[in-house]
Amino acid sequence: MGSQEVLGQAARLASFGLILQVLFRLITFVLNAFILRFLSKEIVGVVNVRVPLGVFWSLFLGWVWLQLLEVPDPHVVPHYATGVVLFGLSAVVELLGEPFWVLAQAHMFVKLKVIAESLSVILKSILTAFLVLWLPHWGLYIFSLAQLFYTTVLVLCYVTYFTKLLGSPESTKLQTLPVSRITDLLPNITRSGAFINWKEAKLTWSFFKQSFLKQILTEGERYVMTFLNVLNFGDQGVYDIVNNLGALVARLIFQPIEESFYIFFAKVLEREKDATLQKQEDVAVTAAVLESLLKLALLAGLTITVFGFAYSQLALDVYGGAMLSSGSGPVLLRSYCFYVLLLAINGVTECFTFAAMSKEEVDRYNFVMLALSSSFLVLSYLLTRWCGSVGFILANCFNMGIRITQSLCFIHRYYRRSPHRPLAGLRLSPVLLGAFALSGGVTAVSEVFLCCEQGWPARLAHIAVGAFCLGATLGTAFLTETKLIHFLRTQLGVPRRTDKMT
């Protein structure tokens, strides 16, 4: 398969995934905003901060949540112990579907992946809303049963699809699939008589260590909240709601792009080889794609940072009412908007880095991740003691800045001996930077005079000011970033004929 064909598949995967994610997430966004009106901050803090950690450690340290940590007041958060057990069970169910998810991801089963995950999330949100309205006294039962229902539906979607696919005559035509029946996904003894392929096991172990450290870096603040009790349950709930709201754009826009183009880079580039030893056509294509993705991530992140600062309080007030828009909520979301900029850049740089690294480079990077994990946990604790829940976001920004620096250094070394310079995607024209600065100033002044205590007419005027500034900024980007616009038109905007699998 040529690099251009792989690029086309990756672009379709990203664009199709993006469209369906927006549609399905919009439904769950409305449902979650509705559910928040009937919950206390304390139960949100327990469900979204403490119990998901019980999922991650369900097979090893689940008893910690029941025996060693502070148990919430049963009158405020009822059925805590049973909820932890059910969340752990849902983790086991989800692990059963992991081989099917990997197979779908590696072979770009676009519709299956997006529809299965989105359908599961929507049904989970509907069940949660129903139980919150009709059986509010169930407490943590509501969320633990909804999580178990979510994982069950997700796994059933994958199992049902692959069972039908591999059992049909059409499956004989799919020479690219590494399995011919469902039982091939189960543990078995190879033809050589070995139960484990040690070469693949070593590579898997390297990625496992990397994933483990990334888990600490991604969810580290939850560990600090849980084990060190730096925030009460109410503050934890507000932080997690703001964190999820701020990460919504990252999940909708950046995640489909990162996952799709990681597959593109991994299929086109050969590990263990420098850029000078690769096919030069493939190197040129990957450099051009990486440059465009960096530019796209930078523009999207800057847009969220600039406009998010002036519209954070309004967004929180609409989403969760006074519980979120008063107190630390707006400051948290404004800080998170800057963090989203770093998330966008890091997602693109790491998706290339992890696709091009050799096993030895992955192992070396793991040592860096280990040091980052330790420093991040310590920094989270210190900054939270100093400036409250905003300290978690500041620690995340520091962590993300170090990871971006590591990836940029790798990319620079990778292309150093070639004529391609994909890191040029991180440079914007002075005119566009001026448009961002002007828009930020105008919307900040608009917020002072129009938002958010003067009623809905003033709020609508504030929204209109933002819409005008956003249109002017995007228009400037359209005129100045012609190379990016060409990439979007040719790869993401042109309808392509897809095969039956996607």
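The backbone N, Cα and C atoms fix where each Cβ goes, and this holds for glycine too.
Pulled from TrEMBL:
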TRANSMEM  13-35  transmembrane segment
TRANSMEM  47-68  transmembrane segment
TRANSMEM  80-102  transmembrane segment
TRANSMEM  114-135  transmembrane segment
TRANSMEM  141-163  transmembrane segment
TRANSMEM  296-316  transmembrane segment
TRANSMEM  336-355  transmembrane segment
TRANSMEM  367-384  transmembrane segment
TRANSMEM  390-411  transmembrane segment
TRANSMEM  431-450  transmembrane segment
TRANSMEM  456-479  transmembrane segment
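Scored on C-beta pairs under 8 angstroms, the neighbour of the transmembrane segment (296-316) with the top count among 80-102, 336-355, 367-384, 431-450, 456-479 is 336-355. Here the transmembrane segment (390-411) does not touch the transmembrane segment (114-135). Their Cβ atoms form fewer than 3 pairs under 8 Å, with each pair 6 or more residues apart. Proximity of distant same-chain residues to the transmembrane segment (141-163), defined by a Cβ-Cβ separation under 8 Å and at least 6 residues beyond the stretch ends, is recorded for 47, 51, 55, 78-79, 82-87, 89-91, 93-94, 96-97, 100-101, 103-104, 109, 112, 115-117, 119-121, 123-125, 127-128, 131-132, 135, 182.
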